[in-house]
Amino acid sequence: MSVPLLKIGVVLSTMAMITNWMSQTLPSLVGLNTTKLTAASGGTLDRSTGVLPTNPEESWQVYSSAQDSEGRCICTVVAPQQTMCSRDARTKQLRQLLEKVQNMSQSIEVLDRRTQRDLQYVEKMENQMRGLESKFKQVEESHKQHLARQFKAIKAKMEELRPLIPVLEEYKADAKLVLQFKEEVQNLTSVLNELQEEIGAYDYEELQNRVSNLEERLRACMQKLACGKLTGISDPITIKTSGSRFGSWMTDPLAPEGENKVWYMDSYHNNRFVREYKSMADFMNTDNFTSHRLPHPWSGTGQVVYNGSIYFNKYQSHIIIRFDLKTETILKTRSLDYAGYNNMYHYAWGGHSDIDLMVDENGLWAVYATNQNAGNIVISKLDPNTLQSLQTWNTSYPKRSAGEAFIICGTLYVTNGYSGGTKVHYAYQTNASTYEYIDIPFQNKYSHISMLDYNPKDRALYAWNNGHQILYNVTLFHVIRSDEL
């Protein structure tokens with residue numbers, strides 16, 4: 001049994017003893033033995049004992065109760081009015097008894113408060129113990145679940161590793177086969193060394209000629225493989241995020257071996273400064289560049305770098321300028337006859353993109369529109385040194401409806417727009433003067449293409465898309481006849 005319950009039992013026993021003693025002793029003290037059922041104020045009494053004299057106003061009235069409605073012991077003594085008789089021995093004894101009863105009642109109240117406090121403490125401790133017991137059960141169940149999960153994970157891992165057993169067996173067999181091949185190659189090498197010693201000088205020269213002939217045929221084959229029909233464009237590769245919404249960037253397809261400079265031109269008009277980065281890595285990771293100031297501002301985003309020179313359209317004119325980047329001098333200027341300029345025949349996105357210069361495997365090109373061709377696209381093959389037009393083709397595609405354009409292997413490819421979903425849907429073959437509508441989608445990742453050019457060295461499309469410099473790899477389809485080898 002808990003401590004609070006023991007204390008409550010002691011209190012109730014003490015109260016019962018006091019009540020019994022008072023009911024037997026008080027009447028004998030005052031000389032009365034009358035029993036009466038009554039009620040006390042402040043609560044309903046289960047049992048009351050009254051001591052009533054013949055004249056209640058001149059004597060004591062004592063009431064005792066086992067408990068009230070709240071479970072507490074009530075002892076009440078009503079003193080009579082003071083008279084000369086109150087000084088007798090019995091009155092003195094009653095007063096002393098009253099003081100004892102009052103002291104005992106106060107002690108009982110203190111004991112009751114302590115009991116209530118201890119009971120609350122025990123209940124609190126009991127709740128905490130129940131909480132700890134629940135937590136221990138949860139920890140135990142969680143531990144079991146954790147072990148089960150670990151077991152399942154190990155079992156799943158074993159199931160994943162099980163298929164590797166036959167692979168390991170095959171690997172062992174392949175290792176033996178590789179050793180066997182190695183021995184055979186060593187034997188073959190020794191045989192070839194013996195044959196080389198037996199072959200004379202004449203036979204060696206004949207073999208060398210055959211090898212040279214084969215190299216020439218392979219080189220011709222590679223040249224044919226360099227050109228083909230566009231069949232696919234890869235997902236974009238973001239190289240850098242820099243500059244305004246409009247601009248152009250490029251590398252030189254005829255740069256010396258080992259040189260990989262990047263040229264960067266922000267904005268589409270009334271700007272003269274060209275940034276030169278030493279390498280693609282510098283362009284991607286640093287802001288270390290050399291600045292070149294052009295003698296005239298450019299127009300549009302159709303500039304190209306070709307064989308050490310930059311070709312651009314002079315602002316508010318149809319003049320093309322060739323500027324040497326090494327000596328920083330103008331090498332040649334020429335007017336592109338009848339070409340529209342100053343936003344007369346721009347691409348769909350605007351931006352003074354009337355004249356677009358391009359480079360492919362065949363050299364330098366200019367794409368523009370004229371009044372004579374009703375604003376439709378015109379293609380001119382240019383001499384890179386003199387800028388003279390070598391040959392011109394008139395197409396039936398309106399230049400203002402084109403999003404952007406680029407040339408691969410002499411074929412002009414035109415996109416249907418510059419924002420949102422974009423695709424290449426028109427192709428004009430200059431070698432046959434024919435065109436066709438195609439459907440080659442590509443991802444317009446940043447929703448605003450203002451420059452799209454092909455680089456034959458990298459076989460990739462360079463694009464400026466809403467302040468992002470990106471690359472697209474291209475897939476070309478080749479058809480080579482056996483008599484061409």
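Glycine too: its Cβ is placed from the backbone N, Cα and C atoms.
Per Swiss-Prot, coiled coil is recorded for 87-225, and the stated evidence type is sequence analysis.
Here the Cβ of Cys227 (disulfide bond) has 17 other Cβ atoms within 10 Å, regardless of which shown protein chain they belong to. According to Swiss-Prot, the disulfide bond annotation covers Cys227-Cys409.
What Swiss-Prot lists as domain 'Olfactomedin-like' is 226-478, and the listing cites sequence analysis.
Sequence annotations record features per position, and here Swiss-Prot assigns signal peptide to 1-16 based on sequence analysis.
Cβ contacts within 10 Å of Cys409 (disulfide bond), excluding its own Cβ and spanning all protein chains shown: 18.
Note on the coiled coil (87-225): mean pLDDT across this stretch is 65.
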